[in-house]
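Here is what TrEMBL says about this protein:
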DOMAIN    47-311  domain 'G-protein coupled receptors family 1 profile'
TRANSMEM  35-55  transmembrane segment
TRANSMEM  67-92  transmembrane segment
TRANSMEM  112-133  transmembrane segment
TRANSMEM  154-174  transmembrane segment
TRANSMEM  209-234  transmembrane segment
TRANSMEM  255-280  transmembrane segment
TRANSMEM  292-314  transmembrane segment
């Protein structure tokens, strides 16, 4: 998070004009903010744009992905404000270049960019908390997930978070002001500089709003909630991994998504812990060192830039779509299918006219059935043997048991004879004989 006192640099003294101690501070800021922050920020902007493109694809539409799109947009705004507030000014302080930006453009930008940066920061924190809460419901309370984790609710959460963050940071618009430099300035044109407003110098305002409310609403409340929720998610993920073979495909997908978002939250903690320490020091012990503030600003930018990399590493579906959209005709030459699932099976339902439907799964792309009177349903379309189509999706009948699947030759009948119940074996053989012989007969 951004440090409340040192977020704006009010000193325009250059590197050559400074003493040795200030030279070390300016050099450190140039490396961390002028170089690293700008480079990471540029990569992060491109990564977040790619993330928004992929997450907005039709096959990725879900409540959690809508929240992640909102988080990517917020992180993009936060990166841009960090570059404008910290990255470019740090270049001027060390090199002397961009003085027009520093004394003309920057002071006017600060009036709007400074509050916008803190609004984006608040939105980012609470969107991360909302993503964690959504995963907690999906993983730990799956029965309630269908009603709570919906696309409409996700949009409502994003709107409410933006409104809350804007209202909470409204006083920031009156914390800074710009002033003209005195006429004896060494420059031949009118220049401006940023100053703190009287509101920002008010001790009561600093104590209540800047220190205590900031620590409670931006750190303690969301951080403690994230810690509790992610501890519960982690326990559930560990328990599920021990019984992974018994999980359904949907459950495995939810566990994989929860694992990926756990990594997002861990990075969030690591990149924000130094800013938390910095703000605590400011609240109780005075302003922290400039090097600590510069490092925390760079870490915040890294946190806003790294989510795309996490999605590519841990999100199988995200990675497939990324390769399909951006690498299928590029350097890697990796092609992708329209289906986001790695194993797309061809599911068919065959009816032999006895009122029962049999599910047949095959990885073949084509299957020709020509026997009259046999109905094949494929992808929601019904075709009979005479070539007549009937629209409408027929739900798949429940599997009648192990007899539905293809048995090995000369092994299935002895297994039936060895069954403990004669009635059950007779019924199973009759069902298998009727279904399989009807299906094999269509190839005659």
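Backbone N, Cα and C define each Cβ position, glycine as well.
The largest share of C-beta pairs under 8 angstroms with the transmembrane segment (255-280) comes from 292-314, of the ranges 67-92, 112-133, 292-314.
Counting only same-chain residues 6+ beyond the ends of the transmembrane segment (154-174), those with a CB under 8 A from a CB of the stretch are 63-64, 66-67, 70, 111, 114-115, 118-120, 122-123, 126-127, 130, 134, 197, 199, 205, 209, 217. Per-residue pLDDT, averaged along the domain 'G-protein coupled receptors family 1 profile' (47-311), amounts to 89 for this model.
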